[in-house]
């Protein structure tokens, strides 16, 4: 999760997020090389005493500054498109969860079960216990099994919201009257935090998201307990 004075991304907890981090490093290196080249040319043009007032055109330079940007754009676009298709692909999900945004909390419904659903509210600061995080804890976590494809159907009951968990590399808009979907695979057990990422009113910053990834046997025990309590 995020920590004070953090400069980089959160640790990846899904294959898609790992791909996004690799693409970020790839694009950053290209931007760094371009910036270095442009800075060198600017310094060279300003500092040199050599000038030629009679050059009207240069076929070689025009070819270079046309072909080189095209190659750079291709080097950025191809891996970007690959990740885009990976994020959009949902093959044989083992579990489907419907996340519904409200002002200002989330509700979850496990559609593969007959009666498994709950509301998830932020834990007030005065009710926190040692080890919990202010503005990030919820009274009910969305529990999922690790190493399993999870599909999340996202919508909203009132206004625009956005369901986002950075460590899992997922962010999907919740639009009233529209059912969007996203998917992820939690590659390791853990607790992953997110927040509503679309301004939705006065308490927009007080509707956190908590995803807890557990081994399959623990998930089965949790789901059985939730069904018994329903």
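For all residues, glycine too, the Cβ spot is worked out from N, Cα and C.
Beyond the ends of the topological domain 'Mitochondrial intermembrane' (1-14), by six or more residues, the same chain brings 20-21, 24, 133, 136, 166-170, 184-188, 190-193, 213 to within a C-beta distance below 8 angstroms of the stretch. Summarising the annotation, Swiss-Prot assigns topological domain 'Mitochondrial intermembrane' to 1-14 (among others) and lists similarity to another entry as the type of evidence.
Marked as transmembrane segment by Swiss-Prot: 15-45 (among others).
Per-residue pLDDT, averaged across the topological domain 'Mitochondrial matrix' (46-59), gives 77. Per Swiss-Prot, the feature topological domain 'Mitochondrial matrix' maps to 46-59; the stated evidence is similarity to another entry.
Residues or ranges marked as transmembrane segment by Swiss-Prot on the basis of similarity to another entry: 60-87 (among others). Counting residues 6+ beyond its ends, the transmembrane segment (60-87) has Cβ neighbours under 8 Å at 16, 19-20, 23, 26-27, 30, 34, 169, 182 in the same chain.
The topological domain 'Mitochondrial intermembrane' annotation in Swiss-Prot covers 88-230 (among others). Across the topological domain 'Mitochondrial intermembrane' (88-230), the DSSP tally of helix, strand and coil residues reads 24 helix, 62 strand, 57 coil.
Under the heading Cu cation A1 binding site, Swiss-Prot lists 161, 196, 200, 207. If you draw a 10 Å sphere around the CB of residue 207 (Cu cation A1 binding site), it holds 22 other CB atoms from the protein chains shown.
The feature Cu cation A2 binding site is assigned by Swiss-Prot to 196, 198, 200, 204, with similarity to another entry given as support. Here residue 198 (Cu cation A2 binding site) comes close to 160, 161, 162, 173, 174, 204: these same-chain residues lie at least six apart in sequence, with C-beta atoms under 8 angstroms from its C-beta.
The Mg(2+) binding site annotation in Swiss-Prot covers 198, and the record cites similarity to another entry as its basis.
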If one takes Cβ-Cβ under 8 Å and requires six or more residues beyond its ends, the residues near the transmembrane segment (15-45) are 9, 72, 75-76, 79-80, 82-83, 86-87, 166-170, 184-185, 187
Within 10 A of the CB of residue 204 (Cu cation A2 binding site), the number of other CB atoms across every chain shown is 16
Cβ neighbours within the same chain of residue 196 (Cu cation A1 binding site) - under 8 Å, at least six residues apart: 101, 104, 106, 161, 162, 163, 164, 204, 205, 207, 208, 209
Once near-sequence residues are set aside, which residues in the chain of residue 200 (Cu cation A1 binding site), 6 or more away, have Cβ atoms under 8 Å from its Cβ? 101, 103, 104, 159, 160, 161, 207
